[in-house]
Amino acid sequence: MSTPLRGSSPQVSFYESELDQEGGSDASHFTYRNYMEDDKINSFTFNMARKDQTQLFQRIILTNESESEIEEYAEVAEQLLDAINLREKYVFHPKIWKADAPVGEKPPYSPFESDESTNCATEHMFKEVNGVYFVYSNETDMKSNKALFSVPHTLASYYKDINNLMMLSSYGPAKTFTFKRLQLLESKFNMHTLLNDSLELFQQKTAPHRDFYNVRKVDTHVHHSSSMNQKHLLKFIKRKLKENPNEIVIFRDDKYLTLAEVFKSLNLDVDELSVDTLDVHADNNTFHRFDKFNLKYNPCGQSRLREIFLKTDNLIKGKYLAEISKEVFTDLESSKYQCAEYRLSIYGRKMSEWDTLASWIVDNDLFSTKVRWLIQVPRLYDVYRETSTTTFQDFLNNVFHPLFEVTKDPSSHPKLHLFLQQVVGIDCVDDESKFEKKFTEKFPVPGEWSSEHNPPYTYYLYYLYANLYTLNQFREEKGLNILTLRPHSGEAGEVDHMGAAFYLAHGINHGINLRKTPVLQYLYYLTQIGIAMSPLSNNSLFLTYNRNPFPAFFARGLNVSISTDDPLQFHYTKEPLMEEYSIATQVWRLSVCDICEIARNSVLQSGFEHNVKSHWLGPDYANSGGNDIKKTNISDIRVCFRNETLIEELHLILKSLQTLPNFKNLNINFLLDKLPSEITTGNDYKLKKAQLKLNGANKLRNSSVGSTPNNGTPSSSGTPSLSSPGAIVHLMKTKPYIPPPLSLNIKQENNNNNNNNNNNNNNNNNNNTNTNTNSNSTTTNQDDNSKSDK
């Protein structure tokens, strides 16, 4: 049906849908009213802006889906569900940390004061077994190997799961199914914006004192040593040369050098310094050359300047980096609505790195309500092997042993205990384009890995994940905050990097290689894994801006945000995050609602505390479809569209699974938790959900679930009416679309339903009567399309 929103005719026709509940949730039905008058359209538009009403807008609803296609892709749906269920078993599901804290912008802790309730030492013991740390209640339990916590999967089973996932990603029917669904998702979004952009903009204008500039946005992926822009660094260096030229800053060539002597030895004059001589900005020579890009961290091409100005562990104990960090914090706080999650490095060369880094944070009072920290672990075991780490286990010990030690007894590392209050996650970084040995379950355990070759990405990620898993359980038991795994993944290299991250990570950075594998991309969509993308960074290193998949990912509904990565190398302005947003908006023609949605995604992906997110996004931010337009400036229509589209995709998976003969033995817990109760209100699904919660059994009776026919009254057979042959897409102004409850053999049941109705209406039933009834039904559908839309 065409909907002439503009034109010479003053009349606009659309459908408004109301959901009435009669006889309980199992007897829900729809009634439609067709408005053709201008005055009623105005009142409808006014109602659209009311927060207390269900959102009404033009929806795209597909009808007459082919049952043969649903059956054809049932096997694919089962494999997709298996992958999702495996992720649910792998990934650590944290409890909401201090959820009872009052809603506010400040975190529920004092940054440099420890909580007495979590500051006491306990009798817990821990030890490393085959590369993974395990925690025990006491020494007796440790001797008898009675660990408190365990890791869900071993290295061997992990690699088998990765292999299966890679086989699924190259499976023909799976690629066809997921590619079609992703294309349909993108087309749906384009149609939605075409039909409803003016309504979304109208809703945004009704939000008082709110626009894109004053909604919270988090830079979820930025490296701290390059958090300032090149002009800022240049001014800071010049200022230090003028104010403190005689300060001793480095020990080189068996003598101590002052700042002025360092520049003199490099033949650099303060008056001749410029952005060009600083030479820290990425250029054409860095494209596909990560080695040359790493050299850009050296101001003027000199490693000693990097050590003086951009390192925390140096002769002056990171004094200059702390000072410039405070200036960056001041810029963030002056902007008020911009926040950042900075990466600090732990290399795994020695255990004292943690205490050194924590002392730098605490001694310099580096804290801001706008900043949280992540620890990045570079994959450089092969570099340090000859000096400090003889096996990969030494590397893991240097990274994790201090964390378990401070969790057991905070007084053993008091500054580290305070610093960890502000740390929200672990990152894994390095050049993904390097060649690496293919993964196999026959890899040696870390204690036996003494090879000169670096372990592959998947090996690193598993042992970071496994040790974080037991550490988080330990910290959660003691009432401490937990650390999530959010690695770099999919910037370059093989697609198995993103497969490993799908199972193990809470979110990823970059992810541009998802464009190469529709199966993984669809899985990331269904599970809504956060993806922090950096288009300007990719443009200088691996992928030109016009080829970046960000706009496609966003349109399809993936949980994507925009981040800066390295402002020192890629940006020019004092507000690099706003620079990213402005370029993306202009190049990809994003609307105000689009960029506000991206900003909201960045807050959801971030590690800021629950009470802080509630203050920024509203108390319902964690609920499905929850939105407070007064805080997010996102139209309720947009949030409703995203939520309904995801529900429809999950519902399609469930419908496909229902055609399988072993459906009653499948674990559909994930789908039952994500889908609204209106879809799973039938007795069969109530029974199955109850049994899943009680004993894990999956039982489903082979009977259809009650539904609603088009005439607004409950059907005697409990099946939906499909009396609209040929109809493919209907544009409707409706309340949220709720797919009908599932039923088996819909076509056959529908025919039986029509025959039963004919028998009830006419005792002298014959073939002519049936023909007339079908003809009348078709005529009725032509007169009132509202009866064929469901």
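Keep in mind that glycine also has a Cβ here, set from the backbone N, Cα and C atoms.
Note that the structure is predicted; figures quoted are calculated from it, not measured.
Matching HIS153, HIS488, HIS497, HIS506 to the Zn(2+) binding residues that Swiss-Prot gives (HIS221, HIS223, ASP565) identifies HIS488. Around HIS223 (Zn(2+) binding site), the same-chain residues at least 6 positions away in sequence with a Cβ under 8 Å from its Cβ are TYR342, ARG343, GLN376, ASP565, ASP566. Listed in sequence order, the residues VAL222, ARG343, ASP427, VAL429, ASN509, HIS510, ALA532, SER534, SER537, SER563, ASP566 complete the 8 Å Cβ shell around the Zn(2+) site centroid, once HIS221, HIS223, HIS488, ASP565 themselves are left out. With every protein chain in view, the residue among the recorded positions HIS221, HIS488, HIS510 whose Cβ has the most Cβ partners within 10 Å turns out to be HIS221. HIS221 (Zn(2+) binding site) and HIS510 (active site, proton acceptor) are 9 Å apart (CA-CA, integer value). Counted within 10 Å of its Cβ, the other Cβ atoms near ASP565 (Zn(2+) binding site) come to 29, all protein chains included.
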